[in-house]
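Written below as structure tokens is the structure these notes are about.
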């Protein structure tokens, strides 16, 4: 059992995202960057799940009978495409306002998604297991990364996959994700990111390995200002994604 007197929730982060929850499904709003690079990360997730679970990548519903957990799901930007691909999806977020928005949008699109207002540590203590866990752009917002990874790892089935996307702790990431995105371009509200919470890939790999998770792939996701697009890259200096497998 995980000690729930300890928490992964950072109240200031929770308050911040609660204030802007109504913006989740506005592609030109405060979550514009997520909408922009969502297709890139979705393509990667689909490709790797099909490869590791031996699914037909051209099938309309390749994730049929797979159970997916999206932690820190926000308004459901990842949950909805996972459900459309056939997965049984559970989306959790500590912010009730985010879950409210996600539920309404799913209902409007006739999608069956199990949304819950809870934390990783509380859910882990319920004993539920998943084939795939998505920790996308969330570890840089939690209060205790080690506790968070420990809790999420406990919910992963043997040979299950965990996708973890976050920001590297480099001056380049500080300049792009904070100074550029928040203060100059104003893509994101000021205060969205805290540089001290950014993680170097080796640090994140260490947290994963301590919890019986082996990194089997890694990519960077970079922005091209010439065509206003996001693409996979070997450059992990700013945004990066690790794919880990449970032993």
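A Cβ is built for glycine as well, from the same backbone N, Cα and C atoms used for every other residue.
Applying an 8 A CB threshold to same-chain residues 6+ apart, the list for residue 41 (S-adenosyl-L-methionine binding site) reads 78, 136, 165, 221, 241. The S-adenosyl-L-methionine binding site feature in Swiss-Prot is assigned to 41, 72, 93, 136; the stated evidence is sequence analysis.
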Per-residue Cβ crowding (10 Å cut-off), top of binding-site residues 72, 93, 136: 93
